[in-house]
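According to Swiss-Prot, the protein carries these features:
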- S114, K115, A116, D117, G166, Q167, S168, G169, A170, G171, K172, S173, T174: GTP binding site (BINDING)
- C247, C252, H254, C260: Zn(2+) binding site (BINDING)
- 65-223: domain 'CP-type G' (DOMAIN)
Amino acid sequence: MKLAQGTVVGLIAGYYDVETATGIVRTRARGVFRQKKQKPAVGDRVEIQIDDKGMSYLVEILPRINRIGRPAVANVSHVLLVISAVEPDFSLELLDRFLTFFSWQKVNVTIYLSKADLISEQRLNEIKESLDYYQKIGYPVFIDYHHLEEKIGDMIKDNQIWTLAGQSGAGKSTLLNHLKKDANQTTGAISTSLNRGKHTTRKVELFKLGHGFLADTPGFSSIDLTPIKLNELCNYFIEFKRASKKCKFRGCQHIKEPGCEVKKLLEEGKILHSRYDDYLAMRTEINEGRMPEYLK
């Protein structure tokens, strides 16, 4: 009997594929997890028990950093956020929702603009101008796929787990197919009736990439921000949080308070107006406790 630690890299019909120092072990979870209403997720760091006959069981889930998405991925350290230039149309509002959600989850984000080759040069330049702002406040931005492919291996550090995210139809599975040639994810055309992609990814797996792992998760076009505390929302806009150190009042919400540094920077054009407008819209959403119908 021996114990080994590893990372859950796949779930298949009740079995868990666990990558250990000596290779991938396919194992089952002990019944105790059902009794405790615990379910191992892809990305979980786990301990498995292997008997003398080679039979193995998952016996412990090690402490998680986080657990996000449906299906869930655990211990996500970084998200590669795929935002489409067209089909579906580029949306700063949607970008801000994703960035706020992942900031709340304490997950770093890199932005990738997909389908840039399907729009005019003029439209691309307009989008680039908007994305320049996000790059300046601290988000890495990639528009050229080949540049992303060249850099991503070095960006994924030792045993980090990255996940793809973005609205349906943005091209996550297509991107994964490029990044991991044997991923064999299905790619689907846009559903014209909804202007959303068909949900073509039906399972979550981790793939070795760089020095860690990349997960593929199903696309989703809306994010529920209502669980965020209203007075904490401003902390998840990274440039607001930095500026708030110069606000006159601690806990400034950047609405009508005197001596607000965020409002000052907004008036000076140093904070994007659309970003501030999205912040106000999110405050209303959280205050009312429901997502706007058009975002569902």
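Including glycine, each Cβ sits where the backbone N, Cα and C put it.
Computed from a predicted structure; not experimentally measured.
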Count the Cβ atoms, other than its own, that fall within 10 Å of the Cβ of S168 (GTP binding site), considering every protein chain shown.
-> 23
What mean pLDDT score does the domain 'CP-type G' (65-223) have in the model?
-> 83
Identify, among the binding-site residues S114, T174, the residue whose Cβ has the fewest other Cβ atoms within 10 Å in this structure.
-> T174
From the Cα of C247 (Zn(2+) binding site) across to the Cα of T174 (GTP binding site), what is the distance in angstrom?
-> 44
Find the shortest Cα-Cα separation between H254 (Zn(2+) binding site) and the binding-site residues G166, S168, K172, and name the residue that gives it.
-> G166
Residue among the binding-site residues A116, A170, C247, C252, C260 whose Cβ has the most other Cβ atoms within 10 Å | A170
Have a look around G166 (GTP binding site) and count the other CB atoms within 10 A of its CB, chains all included.
-> 27
Using all protein chains shown, find which of the binding-site residues K172, H254 scores highest when you count other CB atoms within 10 A of its CB.
-> K172
How many Å lie between the Cα of C247 (Zn(2+) binding site) and the Cα of A170 (GTP binding site)?
-> 38
